[in-house]
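Trainee: This is the structure I have questions about; it appears just below.
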Amino acid sequence: MRVALVVDIVRQEEKLIAKALEKFQLQYDVINVAQEPLPFNKALGRYDVAIIRPISMYRALYASAVLESAGVHTINSSDTISLCGDKILTYSKLYREGIPIPDSIIAMSSDAALKAYEQKGFPLIDKPPIGSWGRLVSLIRDIFEGKTIIEHRELMGNSALKVHIVQEYINYKSRDIRCIVIGSELLGCYARNIPSNEWRANIALGGYPSQIEVDHKLKETVLKATSIIGGEFVSIDVMEHQSKNYVINEFNDVPEFKGFMLATNIDVAEELVSYVKNNYLR
């Protein structure tokens, strides 16, 4: 039984996963897709499971797809990565199944974005369908800021960045909630608190973690949403809403978990490797 740990940049999380694989005495290889090519051949089938960890969404997606072609079980699957990597696709799946999401309008041109701003009213959020760590997520307080954002986005080469997700601005309790699910189990949740010099709660932007109590509604919402998206190891960003209770804002298919471990004292890497061993390496 052998595991592939697929990376492009080795962060603390990947080091912890490797350490857990060694602790559980599982044979594994690290495949760095930023340095090594992945051929379409059956030789990759020597791996029973691949843990997909590239930072780049496209590297993660394509690595998962190539390994799947050789019969390798990937965590996460290319289908899951594709869904999580595009916020519009994520919202579409969730909204169809009745999962609360932020009120959103999709605008596919500059003119459409201006009309969406008018419909939504200020302040509002404008973000592209792709991206992580809060990049290009804009809080727009008036039409002048909005026009500036639209002009800048139009100059970007990637067509997806010219698509606008225009959303209500939610700032209830000045925090958001991040949860981690492994398999069908909610591992836990913690709050990401907005720092004084930011309006976003991302840990990468200075947000700081704290413990929270997970109530039944939060657990129910997160697990139902995860069953729709289909991820085996995902983090879910949740916002507390004054009228909707909990809304799902985003799924992450290659979850970072330093902040989660700090807030909850749960060893995520060991939980993940235990799940892999118990479900796929018996």
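Here, residue 1 is simply the first one shown, and the rest follow in order.
Using the three backbone atoms N, Cα and C, a Cβ is placed for every residue, glycine included.
Relevant sequence annotations retrieved from Swiss-Prot are reproduced here:
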- Lys87, Lys127, 131-137, 167-178, Asn202: ATP binding site (BINDING)
- Arg192, Ile203, Ala204, Glu256, Phe257, Lys258, Gly259, Phe260: substrate binding site (BINDING)
- Asp237, Glu250: Mg(2+) 1 binding site (BINDING)
- Glu250, Asn252: Mg(2+) 2 binding site (BINDING)
- 91-277: domain 'ATP-grasp' (DOMAIN)
Trainee: Starting from the Cα of Asp176 (ATP binding site), work out which of the binding-site residues (Asp237, Glu250, Asn252, Phe260) are within 10 Å.
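Mentor: Candidates kept after distance check: Asp237.
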Trainee: DSSP on Gln167 (ATP binding site), three-state: which is it?
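Mentor: DSSP call for Gln167 (ATP binding site): strand.
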Trainee: Compute all pairwise C-alpha distances among Arg192, Ile203, Ala204, Glu256, Phe257, Lys258, Gly259, Phe260, the residues listed as binding substrate, and give the largest one in whole angstrom.
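Mentor: If we measure all Cα pairs in Arg192, Ile203, Ala204, Glu256, Phe257, Lys258, Gly259, Phe260, the largest is 13 Å.
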Trainee: Counting every protein chain present, what is the number of Cβ atoms, excluding its own, within 10 Å of the Cβ of Gln167 (ATP binding site)?
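Mentor: Neighbour count, Cβ to Cβ under the 10 Å cut-off: 22.
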Trainee: Find, for the listed binding-site residues Asp176, Asp237, Glu250, Glu256, the residue with the lowest Cβ contact count at a 10 Å cut-off, counting only other Cβ atoms.
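Mentor: Fewest other Cβ atoms within 10 Å, among the binding-site residues Asp176, Asp237, Glu250, Glu256, is found for Asp237.
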Trainee: Quick one: average pLDDT across the domain 'ATP-grasp' (91-277), no decimals.
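Mentor: Computed over the domain 'ATP-grasp' (91-277), the mean pLDDT is 95 on the 0 to 100 scale.
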Trainee: I'd like the number of other C-beta atoms within 10 A of the C-beta of Asn202 (ATP binding site), please.
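Mentor: 21, counting other Cβ atoms within 10 Å of Asn202 (ATP binding site).
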Trainee: Write down the Cα-Cα distance for Phe260 (substrate binding site) and Asn202 (ATP binding site), rounded and given in Å.
Mentor: 12
Trainee: I want the residues beyond Arg192, Ile203, Ala204, Glu256, Phe257, Lys258, Gly259, Phe260 whose C-beta is within 8 angstroms of the mean position of the substrate site's C-beta atoms, in chain order.
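Mentor: Apart from Arg192, Ile203, Ala204, Glu256, Phe257, Lys258, Gly259, Phe260, the close residues are Arg178, Pro209, Leu262.
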Trainee: Using the alpha carbons only, what distance in Å do you get between Glu250 (Mg(2+) 1 binding site) and Lys87 (ATP binding site) once rounded?
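Mentor: Given the Cα positions, Glu250 (Mg(2+) 1 binding site) is 7 Å from Lys87 (ATP binding site).
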Trainee: Would you mind ranking the binding-site residues Ile170, Ile203, Ala204 by how many other Cβ atoms sit within 10 Å of each Cβ and giving me the lowest?
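Mentor: Result for the binding-site residues Ile170, Ile203, Ala204: minimum number of other Cβ atoms within 10 Å at Ala204.
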Trainee: Least buried of the binding-site residues Ser132, Asn252, going by other Cβ atoms within 10 Å?
Mentor: Ser132
Trainee: Checking your reading of the structure: which of the binding-site residues Lys87, Gln167, Ile170, Lys173 lie inside a 10 Å Cα sphere centred on Phe257 (substrate binding site)?
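Mentor: Of Lys87, Gln167, Ile170, Lys173, within range: none.
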